[in-house]
Amino acid sequence: MSFSEQIQNLSLLLLEIGTIIGALGVVLLPNILYSGFLLGGVLICIAGIYLLLNAEFIAAAQVLIYVGAINVIILFAIMLVNKIENLNPSNNQMMRNGLSSFICFSFFILLSNMIFDTQWIDTVGVSTKYSISIIGNHIFSDFLLPFEIVSVLLLVTLVGAVFIARKEDASEIEISKISFLNLPDPSKK
């Protein structure tokens, strides 16, 4: 094994560890803002894996589209709609945790069996000539409708988050004006 192969294997191992730790942080951290930042880190690690697989265009698209656009929209939505609520633990919380653990473990076993039962191809012939134009043609011809649906869905999500945040701000401003003037609150009659 040459030195460059060792460096490539070490880089792949570090990116895989970063992806797994970041994904666990996204799921397990109680602060949703930190989860959003870790999601960006996971997406950057995945782009690094694409770079190691000699798919530079996919890596650049991963960073531009997912990290640069979608993760920023998610973080804006989190910051605009971040409500601090006290969650009351329910009586059947233990049953919910057990059921969700069972479902996650079942999916893990199912995916593990699928991975080990799949016949993987050792080498894949990748044609780099005109690959970017082929991807662009597929996106804007065969996959135009899903592409537009996703863009409209992201736009509606962002507009909805702004609308919800502004609606809450208006009610808070109205309540603060009433308390400033020492007037009785009309909602408490």
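Any Cβ shown, glycine's included, is placed from N, Cα and C.
Features of the protein shown, as given by Swiss-Prot:
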TRANSMEM  10-30  transmembrane segment
TRANSMEM  32-52  transmembrane segment
TRANSMEM  61-81  transmembrane segment
TRANSMEM  98-118  transmembrane segment
TRANSMEM  144-164  transmembrane segment
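Only sequence-distant pairs (6 or more apart) were considered; of these, fewer than three Cβ pairs between the transmembrane segment (61-81) and the transmembrane segment (10-30) are under 8 A, so the stretches are not in contact. Sequence-distant contacts of the transmembrane segment (144-164) (same chain, six or more residues past either end, CB-CB distance under 8 Å): 69-70, 73, 76-77, 80-81. Counting same-chain residues at least six beyond the ends of the transmembrane segment (10-30), those with a Cβ under 8 angstroms from any Cβ of the stretch are 38-39, 41-42, 45-46, 48-49, 52. Nonlocal intrachain contacts for the transmembrane segment (98-118), taken as residues 6+ away from its ends with a CB within less than 8 angstroms of a stretch CB, are lacking entirely.
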